[in-house]
Amino acid sequence: MKHMNESFPEDFILMGFTKYPWLDVPLFFALLTSYMFTLLGNIAIILVSQLDSQLQSPMYFFLTSLSFLDLCFTTTTVPQMLFNLGGPNKNITYIGCMTQAYVFHWLGCTECVLLGTMALDRYVAVCKPLRYPVIMNHKLCWQLSSTAWLIGLANSLLQSTLTVQLPLCGNQELDHFFCELPGLIKMACVDATVNELTLAVVATCLIMGPLSMILVSYSYIAQAVFQIPSADGRLKAFNTCSSHLLVVSLFYGPGIYIYMQPSGDSPQDLIKILTLFYCVITPMANPFIYTLRNKDVKGALRRLLRQAILSKRI
């Protein structure tokens, strides 16, 4: 056995679903397939938003930011999960685990704030359409996006640093697929009530703050949509906004269940499934949600594919 000091192991054993070994092969292929779709879908959204001149509005700026964030978010966890599921080695180094915890928490918090910012963008677009280009100018979009990343980073530095300082007394087994703060806090061999309360309070603020902004924005949007005289206008506004609401539901639902209740109140297997949902399924689904419900994006994808085909023929 590797040497371990009194408080911190050299590596961790990620338990995952080790008590259900028959799940390793199907879960490996399911994760690999979803990861490939995530990469293809989000890269396609980024490319089409950057290359198509008709998709240069603030909405697609934030959609590009979300796609880039989802690429980073899923890449933080899935390659390690595939490595552990693909063989008998279930370990991750201590440094790798702590790095993963910092980055995963940073990106998760950033996405919470970014989804709230996107609701604000939709509010301005629907409720103040004539002033939309002036209000949501390029500089403000960059400032809002940067603020989301900085808030996520600041929270991750606070929460993760508090968690890293907890002594583990040589505990190696982490009952999860990857290194996440709630699981690391449970491994501590001292009273971690302060850490649990801090995580719950800050998570509540980071979830409920943007979520409140989303609900308020969409209450005004709903009133404005019903006042649009043309049926086509109402349908276009509804499709655009419903895509964002669906993404919000897929991301916030599991997050609220995992982070906004007392530690230990839920079965760990259920926590693992919900975590897989919002860190694997949601990033994969986002590009398809926005593509299938958005005529502009579908049109831009067709134009991009047509140009690619024609360039090969020439």
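Every residue gets a Cβ built from N, Cα and C, even glycine.
Here is what TrEMBL records for this protein:
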TRANSMEM  27-48  transmembrane segment
DOMAIN    41-290  domain 'G-protein coupled receptors family 1 profile'
TRANSMEM  60-82  transmembrane segment
TRANSMEM  102-120  transmembrane segment
TRANSMEM  140-158  transmembrane segment
TRANSMEM  197-221  transmembrane segment
TRANSMEM  241-259  transmembrane segment
TRANSMEM  271-292  transmembrane segment
Is the count of Cβ pairs under 8 Å between the transmembrane segment (102-120) and the transmembrane segment (197-221), pairs 6 or more apart in sequence, 3 or more?
-> yes
Ranked first among 140-158, 241-259, 271-292 for CB pairs under 8 angstroms with the transmembrane segment (60-82) | 271-292
When you check the transmembrane segment (27-48) against the transmembrane segment (271-292), do you get at least 3 Cβ pairs under 8 Å, counting only pairs 6 or more apart in sequence?
-> yes
When counting Cβ pairs under 8 Å to the transmembrane segment (241-259), the leader among 140-158, 197-221, 271-292 = 271-292
Per-residue pLDDT averaged over the domain 'G-protein coupled receptors family 1 profile' (41-290), given as an integer = 85
